[in-house]
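*Asks:* Sharing a structure with you now.
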Amino acid sequence: MGNCCASPGSETGSKKGKPKIKSNPFYSEAYTTNGSGTGFKLSVLKDPTGHDISLMYDLGREVGRGEFGITYLCTDIKTGEKYACKSISKKKLRTAVDIEDVRREVEIMKHMPRHPNIVSLKDAFEDDDAVHIVMELCEGGELFDRIVARGHYTERAAAAVMKTILEVVQICHKHGVMHRDLKPENFLFANKKETSALKAIDFGLSVFFKPGEGFNEIVGSPYYMAPEVLRRNYGPEVDIWSAGVILYILLCGVPPFWAETEQGVAQAIIRSVIDFKRDPWPRVSETAKDLVRKMLEPDPKKRLSAAQVLEHSWIQNAKKAPNVSLGETVKARLKQFSVMNKLKKRALRVIAEHLSVEEVAGIKEAFEMMDSKKTGKINLEELKFGLHKLGQQQIPDTDLQILMEAADVDGDGTLNYGEFVAVSVHLKKMANDEHLHKAFSFFDQNQSDYIEIEELREALNDEVDTNSEEVVAAIMQDVDTDKDGRISYEEFAAMMKAGTDWRKASRQYSRERFNSLSLKLMREGSLQLEGEN
């Protein structure tokens, strides 16, 4: 559920002292009751440590932010030990799916055994306004940042990282947990020491599974998504695919499946054509390429298991892997990939902060208006008529049908209130680029209609080394397409929309968007495996 741990230099611009959590002004029937008969009170955790976190911990400065909440540095009052506390605002949990994600994340962290490469859960609290997850503090920074900071990046270093990631996958699968969102950003170093352990930090999309069980919910990050996820029938093999994508990026600096649009990314994943021609692949060992091929095998039945990857000769002989530099090109690509992700994330965070209570205001009234028969459900015709009456922009019937099918979780051909909330939030964000303008304005502090290099540097001062002028210059060089030394709104929008949809500030939107895309590709026949009829 977002970055749970600290990044170096994140103190700048942070809030200090104990945070004040405002009361929650919005509850809906999508939420569960506390059984007290006192109205709708959202209860998330099954067995929290307690209700008042301040009795055991002091919350300090902010160290991170995600879609659902804020992560603070916190101190155990008795021992003085430092931890990270992820405080998830209940008003941001708009649907039953959001609630279940948080509940399951805590249950999975409790279930997982202590492991040197998995962030450990300390406590979990729940009060009327928020869920507070106290966990191990990681202050060593992100995986790619550490790689870029090193002067000499080699295949041997990549092999050591991959061994750690696969050991995490193996322990997860051994304990019946499918991660579903493996990506470089979800691995942090415990501290800044050269010998620091690399740790998996985010189980927000993870799920329990049984052998042979199939899943159809489309979740994850587009670049790392396995083809069978898009086909809506998958199992734990998806984690091997995602780790294979990470390996490819570690070795050459760019993702293996990339396009300017979500549909293009999805189609590239389905085609699964791996490019080993670009630099530095001619210098990469054949055993490394062999492992990439076997991890990015499009047929999950033929894909290696975590144990088989760990037994592969490239991993087994990691200390003997080539120690020759993969070149400055790879480091430069990794730096650009990492920092550009951070710029997008910062913009997405601004957008997400505008998708709070006001986004769902009026949704209940709209549902009641459309539900003319008072059945607690609305069908496609009622949805279409209601949207027209509310002045919603015209949506083609086929798109509306796809959206409705994606949101209709119980498959009864109608939308209940919880399902309607998801559709409404989706439509509000789909309507225009208002939120993208808000994000641009956040960076454009002097309101000149351009993001200048000083504004870019200021916006990223807790994301990158403030002395790293080359990083800021690289972003400006990449985004500033007309080379006038500043970023216009059009250039900013193009950057945000390249490769993945900026509107995935909302996880619910992401799910609905990819469900719709999957259905579209199914109808076009694009999701068939090679050789299928």
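Note that Cβ sites are derived from N, Cα and C of the backbone, with glycine treated the same way.
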*Asks:* Looking at Swiss-Prot, which of Ser89, Ser518, Ser526 is flagged as phosphoserine?
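*Replies:* Matching Ser89, Ser518, Ser526 against Swiss-Prot annotations yields Ser526.
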*Asks:* Which one of 104-134, 166-196, 321-351, 414-444 shows up in Swiss-Prot as region 'Autoinhibitory domain'?
*Replies:* 321-351
*Asks:* How would DSSP class Glu491 (Ca(2+) 4 binding site) in three states?
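*Replies:* It is helical.
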*Asks:* Val63 (ATP binding site): which of the binding-site residues Lys377, Ser448, Glu455 is the nearest Cα neighbour?
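*Replies:* Going through Lys377, Ser448, Glu455 one by one, the closest to Val63 (ATP binding site) is Glu455.
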*Asks:* Give me the CA-CA distance between Tyr450 (Ca(2+) 3 binding site) and Asp484 (Ca(2+) 4 binding site), in Å, as a whole number.
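*Replies:* Taking the Cα atoms only, Tyr450 (Ca(2+) 3 binding site) lies 10 Å from Asp484 (Ca(2+) 4 binding site).
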*Asks:* Rank aside, I only need the closest one: which of the recorded positions Arg65, Asp181, Glu491 has its C-alpha nearest to that of Ser448 (Ca(2+) 3 binding site)?
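*Replies:* So, spelling it out, the nearest of the recorded positions is Glu491.
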*Asks:* Starting from each candidate's C-beta and looking 10 angstroms out, tell me which of the binding-site residues Thr375, Thr414, Asn446, Ser448 has the most other C-beta atoms.
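*Replies:* Counting Cβ neighbours within 10 Å, the top one is Thr414.
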*Asks:* Excluding near sequence neighbours, so keeping only residues 6 or more apart in the same chain, what lies with its CB under 8 A of Asp181 (active site, proton acceptor)?
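*Replies:* Once residues fewer than 6 apart are set aside, Asp181 (active site, proton acceptor) is near Asp202, Gly204, Leu205, Ser206, Val219, Gly220, Ser221, Tyr224, Ser242.
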*Asks:* Compute the C-alpha separation of Asp444 (Ca(2+) 3 binding site) from Arg486 (Ca(2+) 4 binding site), stating it in Å without decimals.
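*Replies:* The separation of the Cα atoms works out to 11 Å.
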